[in-house]
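> The structure that follows is given in the form of structure tokens.
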Amino acid sequence: QREVSLSNKRIPLLHTLMPILHNSTLPTFLLTGIPGLEWAHTWISIPFCCLYLTALSGNTLILFIVLTEPSLHEPMYYFLSMLSTTDIGLCISTLVTVLGIFWVNAREISFNACLSQMFFIHLFTFMESSVLLAMAFDRFVAISNPLRYATILTHTRIAQIGLAVITKGTVILTPLVLLLKHLSFCHSHVLHHSYCFHPDVMKLSCSDTKINSVFGLTAIISTAGVDSVFILLSYVLIIRSVLNIASPEERKKVFSTCISHITAVAIFYIPLISLSFVHRFGKHVPRYAHTLMANVYLLIPPVMNPIIYSVKTKQIIRTIKKVLFPKRFEFDSNNSAIKATP
């Protein structure tokens, strides 16, 4: 009887310890390539390699010329270098797993590695949103109060903004990641993307994920949601300032300085909104369309941002020519000086 009573006491204790014991064995997740197109992964990797090379080389070049060219040591270009840094980080965060699946079908990823990748993907995405907001503020100050531009956006203040961008993303994401470590994963471990994404990982849990969902929604609203509202407000104030300028030519000239930033905002938010609509309403869309869009969504801003700013900004074009073709640039400069001589 004593043994029976002891065994009966052990049963509730085992039920209590089961989730802890289950969680102590960390799961291994399986990433997914392009469903239904596994036979073409090698060929699909070619355009993805081109996109990654374009993004990494373009953003590295922008970062290099901004840091090494003294004439570009201005607030606008410091913010551009921050944007390039976040784009480089975003590319590196996904490159290994995406190309690993396409090249050698390396689908397995450990739980901790998955959480680390997820943290950095979301961190650099949130940072990009915050940097775009800082760039909108930069354009607002430059247009509405040009005489105080240099005194408002000092080097110290720009460094503080950069630190605030990193701190904000880290503080918001840390509890999001820590909450995932307390979940139990007892069903399928197959993820729907070529990288670890918070909603994707959360859906595989057999625990209650209400708190995780609330934190995830709060993180999106407090970053991309709030940033987009303030960016819109900044441009309302910018348009108001531009309309106060009497000359139509001056209006056009002033507003043209915002075109690059407006385009960068569009290529960041439009794919994000489009992907959300496809996931919510595109139930009859093939699975490979969802996966392709999810992969391309993270690559569009890093690929396009250097191109946009290189094409639309004369100082950037001039400095790129100086760096890539020094002899030709010197020859053109000498010819221009000769023509300008009376």
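Numbers run from 1 along the shown chain.
Cβ from N, Cα, C; glycine included.
Residues or ranges marked as transmembrane segment by TrEMBL: 12-31, 43-67, 79-103, 115-137, 158-180, 214-238, 259-282, 288-311. Marked as domain 'G-protein coupled receptors family 1 profile' by TrEMBL: 58-309.
What's the neighbourhood like for these features in this structure?
Long-range Cβ contacts of the transmembrane segment (158-180) within its own chain (Cβ-Cβ under 8 Å, at least 6 residues beyond either end) map to 75, 78-79, 82, 115, 118-119, 122-123, 126-127, 130-131, 134, 198, 201-202, 205, 211-212, 215-216, 219, 222-223.
Counting same-chain residues at least six beyond the ends of the transmembrane segment (214-238), those with a Cβ under 8 angstroms from any Cβ of the stretch are 122, 125-126, 129-130, 132-133, 136-137, 139-140, 143-144, 168-169, 172-173, 175-176, 179, 198-199, 202, 255, 258, 262, 265, 269, 272.
A Cβ distance under 8 Å defines the sequence-distant neighbours of the transmembrane segment (288-311), meaning residues of its chain 6+ beyond its ends; these are 32-37, 48, 51-52, 54-56, 58-59, 61-62, 80, 83-84, 87-88, 90-91, 94, 98, 121, 125, 128, 192-195, 197, 260, 263-264, 267-268, 271-272, 274-275, 278-279, 282, 317, 320.
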> Mind looking up the mean pLDDT for the domain 'G-protein coupled receptors family 1 profile' (58-309) in the predicted model?
88
